[in-house]
Amino acid sequence: MATAAATSVSEPEAESKAAPKAEGEEDEVKAARTRRKVLSRAVTAATYKTIGPEWDPQEEGVSESDGDDEEYGMASSGESSPGEYEWEYDEEEEKNQIEIERLEEQLSINIYDYNCHVDLIRLLRLEGELTKVRMARQKMSEIFPLTEELWLEWLHDEISMAQDGLDREHVYSLFEKAVKDYICPNIWLEYGQYSVGGIGQKGGLEKVRSVFERALSSVGLHMTKGLAIWEAYREFESAIVEAARLEKVHSLFRRQLAIPLYDMEATFAEYEEWSEDPIPESVIQNYNKALQQLEKYKPYEEALLQAEAPRLAEYQAYIDFEMKMGDPARVQLIFERALVENCLVPDLWIRYSQYLDRQLKVKDLVLSVHNRAVRNCPWTVALWSRCLLAMERHGVDHRVISDSSKELEELRATFTRALEYLKQEVEERFNESGDPSCMIMQNWARIEARLCNNMQKARELWDSIMTKGNAKYANMWLEYYNLERAHGDTQHCRKALHRAVQCTSDYPEHVCEVLLTMERTEGTLEDWDLAVQKTETRLARVNEQRMKAAEKEAALVQQEEEKAEQRKRSRAEKKALKKKRKTRGADKHQADEDDKEWGDDEEEQPSKRRRVENSVPPSGATEVEIGPAERHVSFDVDPPSKQKEKVATLKRDVPKVPHDSSKDSITVFVSNLPYSMGEPDAKLRPLFEACGEVAEIRPIFSNRGDFRGYCYVEFKDEKSALQALELDRKTVEGRPMFVSPCVDKSRNPDFKVFRYSTALEKHKLFVSGLPFSCTKEELEEICKAHGTVKDLRLVTNRAGKPKGLAYVEYENESQASQAVMKMDGMTIKENVIKVAISNPPQRKVPEKPEARKALGGPMMPRQIFGARGKGRTQLSLLPRALQRPSATPQAENGPAPSPAVTTSQATEVPKMSNADFAKLLLRK
């Protein structure tokens, strides 16, 4: 662009540096300047129209003086210094040129840099480079779909520069491209208004109507922006003064009033005012029906208006609602509206294309959406596969690929770019393989072998696949063998299988079997002998390795079992020691009480009396020696008789919990609750009220007033009680709460509650050896790689702590079998897990009394113990003077009662106090 700096050079210097230019060159320079000035004015006008009167052209670097002078930069103002202003503009232009060169270089390296395209177009537009702007926009539109803002900017620039019919056709073609990228009501409105300007041309009227009708089909149902299209179409038809056009306007009004749109009331009032005749009843009915539909749509539209972009959750809810309503046109519209703001969400494109494939099945529409999907999200494999399936489903012509075709080279370049992208963007950044099974390279090898007959290239690809850590898998070698079998020769098949026998480590038996089968049918005797020798040697070595691994695993299991047994013994010893200490304390306390009661009835011995007198002061205070200096501390202690009274009072204060068996059907039994739970009624009531109205919650307390960890919950109706059973295993204060029906087991001894099957389930897996820190989500993520997981349950103890076991339920048996093969022996957090088909052992059912009686003759009753139960030492503490010889013979496990004496009579013992025993002993 010419600048004032160029004109400020003196004439002698200009003559000394260069010769006078030819006349043709001067004309070319002037023409270029004129084009730049025209584009600059067009940019100014378009920007002013788009942004509004508040736009300042000086801020954007656009001069308002160009266009009035013949030579740009020669005009000057008498009030300002033109040289200084033009010098500053020249510096800005130079910076822009440097930035343009940088962006062009960046795009030559990476043509898929979206932001570079946008910045380059903006700078070129600012500089007025007409040809370069068009080329930059064209190049970007070929790679990316353009947004509504970019299309409107491009269209405004082209409209402002269109002068003849050819330019108008060029603008029409741009509009056609624009409406295909996204559904944009503003672009359709601009298209319709621009087509009105060409009504004077041949076929202009039909062109306008065609554009508006297509706009109504595309965005006429848009709740908030469709109204503008309807009004513009009506205004156009009203402007044509013909009697036949009146009926066209009537038709537009009636069509619009039958669709739920915002401001329908104003449209109806306008129709009443415009129409000379009364509005037909059918139109009013359709209008009222549309108003009712509008009320259903308003909550979703208001949610979109209140939310901020991209509003994906709101659009998803709106899509669900439209799919329930079932109107295909409205479903398509809401999908298109959502994709305008969420064009980079692959799941949304997949859902849209899936709906079109299954519901509409219109070829042009389906293929258009699939092509747009891969254009917006080219990195999503699922979209490409769906696009290819749709093309095949609708009979798109297949192109024959040959070695010399340009398409083949492009395809190979695409595969290469995909592999480089996975290596650079995934493996180097995240240290993970983006394609662990090398599916891209496998597909490439199939194309080379099947369509190009290039087995050499296919073999090179498979060699690369095997070097990426896949040589140890039998299925990869068998895939390669099948490719060689179909498109290669026997020699390469044999070579591949021999390599597979040496390299496979997971299932070498499969590879060996395939090799022997091939040699049996196609090989010579020497080939067969060699194959047998190799397979036997390999399998012997594999079995030896497996035996060593099994021994190692058995040793680890034995170590774990020994550690578990040691922990079990340690816990048992601690428990026994604790119980022993507790028993000693109780015996000592009982002996003290007995001594004091006996002292009340008999005269105390001098030594005992002195000890009591020294230890118990008359005032009720007790002195305790706390050090060698024989210092004493006194504190009040109630005498034993008062302590017993307090315990008895406490027992009396604990309320007795009545249980009505007639209400078992509306009652559930809740257990495994924390003993430390304070106020169980208040904490459990909100939890169970979600199932129904709770009549009463009866927690069970011990004689000392401590909560025993279980309670009864009574509801108003049986339905609520059944619903409450779903809360079983819900975690309450860190423990799984058990909820079961309230059943009296004395009346129903066979009643058992067991939730899980104990039979063989081929679609369910049993996983053991899990680390205790493994969560359900982590295990589910591992299991999902081998099939669809329907349910997963981690086994816990009554305290909610994991036991390292889990059950995984798959959709079918084949998925479960595949998961066993892949997961058995897997290492998770340094723990080697075991995976097997779920087949729990049969539970041992206790023998019923009738069975014992039938097997062993007459049923022997349980041994009868005293009121305090079975003693620890089984020694009789009854004085010999009171013992009476028993007339019944002694049984092996205790006295056998005679038939004439009932159990209640045999257990009756005369009640005697400690004082009575003391008197009997002293009399003796």
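Just so it is clear, glycine is given a Cβ too, placed from its N, Cα and C backbone atoms.
According to TrEMBL:
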- 1-93: region 'Disordered' (REGION)
- 14-23: compositional bias 'Basic and acidic residues' (COMPBIAS)
- 56-72: compositional bias 'Acidic residues' (COMPBIAS)
- 556-567: compositional bias 'Basic and acidic residues' (COMPBIAS)
- 556-661: region 'Disordered' (REGION)
- 568-583: compositional bias 'Basic residues' (COMPBIAS)
- 592-604: compositional bias 'Acidic residues' (COMPBIAS)
- 628-661: compositional bias 'Basic and acidic residues' (COMPBIAS)
- 666-744: domain 'RRM' (DOMAIN)
- 763-840: domain 'RRM' (DOMAIN)
- 879-915: region 'Disordered' (REGION)
Would you mind listing the long-range same-chain contacts of the compositional bias 'Basic and acidic residues' (556-567), meaning Cβ under 8 Å and 6+ residues beyond its ends?
832
Which whole-number mean pLDDT does the model give the domain 'RRM' (763-840)?
88
Secondary structure content of the compositional bias 'Basic residues' (568-583), with strand meaning DSSP E or B:
16 helix, 0 strand, 0 coil
With DSSP, how much of the compositional bias 'Basic and acidic residues' (556-567) is helix, how much strand and how much coil, in residues?
12 helix, 0 strand, 0 coil
Under DSSP, the domain 'RRM' (763-840) has how many residues in helix, strand and coil?
22 helix, 32 strand, 24 coil
Going by DSSP, how much of the domain 'RRM' (666-744) is helix, how much is strand and how much is coil, in residues?
21 helix, 32 strand, 26 coil
